Amino acid sequence: MAEGALEAPAENGGGGGGGDSGASASERGVAPIKPQYLTTKEQFHKFLETKGQEKPCQETETGDPGGNDLAEPEAKRIRLEDGQMQDGQTDRVAEHGEPLPAQKRARGQNKGRPHVKPTHYDQNRLCPSLIQESAAKCFFGDRCRFLHDVGRYLETKPADLGPHCVLFETFGRCPYGVTCRFARAHLGPEGQNLVQKELAARWAQHLPVRNGLDKALQQQLRKRKIRFERSEQILRQLSQGPLPAAAVPEVTAAEGASGQSNCEALEAPAGPGAGTPPRSPVRTCGPLTDEDIVRLRPCEKKRLDIGGKLYLAPLTTCGNLPFRRICKRFGADVTCGEMAVCTNLLQGQTSEWALLKRHQCEDIFGVQLEGAFPDTMTKCAELLNRTIDVDFVDINVGCPIDLVYKKGGGCALMHRSAKFQQIVRGMNQVLDVPLTVKIRTGVQERVNLAHRLLPDLWDWGAALVTLHGRSREQRYTKLADWQYIEQCVKAAGPMPLFGNGDILSYEDANRAMQTGVAGIMIARGALLKPWLFTEIKEQRHWDISSSERLDILRDFTNYGLEHWGSDTQGVERTRRFLLEWLSFLCRYVPVGLLEQLPQRINVRPPYYMGRNHLETLMASQKSADWIRISEMLLGPVPPNFVFLPKHKANAYK
């Protein structure tokens, strides 16, 4: 475990100075790359700027010619560093003759990140009634503030990005019509939106994405008209004392029949525990059936049999539906949606419900919920049990970020055992699918808690637990502790335990399975190389070419346009998520360039020249170069485009 002491951050990488030579293979914390490919930071960036660059990127023009970091955005440059004002503020002091009030130094991660909602989307925005070709009646009537002149809209619309629309070619119809950035592929001579009727009819009967938010349900959630009678009944019993695992409150026939006597139940608030059949968001009229009043006992629940399968971790921001489709194509067996906050789901937030969407290729799929209190978590579980189609529900007890931890969620639940128990028991009793939990070793670095919690989790009703071999304080500063995971396998007893941490090759996966875990969860390894699942299943190293990697990115952008839309807003959203992923992909070192196999997840690559220009470009850690790659796939970026990754500079620690 000597490698655990490697804590070299990215900013101290090989060739830290402009004229320093490339890192040698023996340098600690640096990937061992063959000497003929090593270069200096200065030569690396000079090569990218002079060769193969037809149009310089806007950020590159404003960058430091010495190869240093790019010029920071205005929102970040105005910060104070160690109490000293920057040159721009000093000039203003001299200009106005009096000192400006001192600003408090921003602390933490990415405090200077620009949180500005784009306004250019709202300028000359076409009315939805025209996009959907129902111009006879505007949805908003006289109050409509959108544009109704298609000719005027076309005068200001940016140029199309290509001759092929992925939505039109895949589904037979593009719902974005004239606003599509690939509109010439499906617009007729008179500007009408063309439709391939046979293909569109086939997809209309079988939607590729499930778990959408129904508008009627959203309105009821926003008005708080949903009743959670079953959850409230369980929470009352839990507050009086812990229930045995087999004690499941029954819903009597009288309770199920109440509210079903007349057709007014259709307009009544949807009560997920008030006698509605499973998977139905609203009440229905008709005779009662066993499905209405009979609940599954815990022993009758569908078992989660995923032993030995490859589990793609729920990854915030990057673990979106298009990325999961990429990983499924390369062999991921189990997928899970991004962490969703239960309070936001109960409020009917569209952006939060989008995290629950499931593609048809995801045959074993779950959702992950985050919350700090038994009432909200139990009610959210009951709501999802009625409205979406999943194979399991996971509780996030591993999130280390302060925003979650200080509210009592994530890792904080490991210290709040009473609340943790009520959450697990309550959710388990309202769900018809298995309940899983993802935890860390503990909160503090040398105080492990997982081995104490695992036996209790089995008694509380958890079907499976995933253990990340790091504490909250460690974050990614040391390697995952697989020796401790091996101890926890024995403590978990009959409950399956999955292990997670530092898996970037099939050798890492084989060593992990030797600890006795039921399976492995892959997180950052999938972000660095999504073909890792193929490598593990085929037990080989894949020296994937740069053109093949670009094809993967092209597939991601096509999936993104299907998911987020092909209009201007959808294209830029796809670009944002692509750039977030590229900030991880740049850390991958091609197999043919390494002196020693495999690449380790805790080491950083030095500056190196790839076997062609594209491979070198993909190794760049500058956001301007990531933007250049996105322009190969999605066309030029809009004016004043700024990108800062959400994670802290993707540090290699």
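A Cβ is built for glycine as well, from the same backbone N, Cα and C atoms used for every other residue.
Automatic prediction, not curation, is the source of TrEMBL annotations.
Keep in mind it's a predicted model, so treat the numbers as computed, not measured.
Here is what TrEMBL says about this protein:
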type	residues	note
COMPBIAS	1-11	compositional bias 'Low complexity'
REGION	1-35	region 'Disordered'
COMPBIAS	12-21	compositional bias 'Gly residues'
COMPBIAS	47-58	compositional bias 'Basic and acidic residues'
REGION	47-120	region 'Disordered'
COMPBIAS	73-82	compositional bias 'Basic and acidic residues'
COMPBIAS	89-98	compositional bias 'Basic and acidic residues'
COMPBIAS	104-118	compositional bias 'Basic residues'
DOMAIN	121-151	domain 'C3H1-type'
ZN_FING	121-151	zinc finger
DOMAIN	164-189	domain 'C3H1-type'
ZN_FING	164-189	zinc finger
REGION	263-286	region 'Disordered'
Per-residue pLDDT averaged over the zinc finger (121-151), given as an integer: 73
Outside the domain 'C3H1-type' (164-189), six or more residues from its ends: residues with CB under 8 Å to it: 126, 130-133, 150, 153-154, 157-158, 195-203, 558, 561-562, 565-568, 570-571, 635
Helix, strand and coil totals (DSSP H, G, I; E, B; other) for the domain 'C3H1-type' (164-189): 12 helix, 1 strand, 13 coil
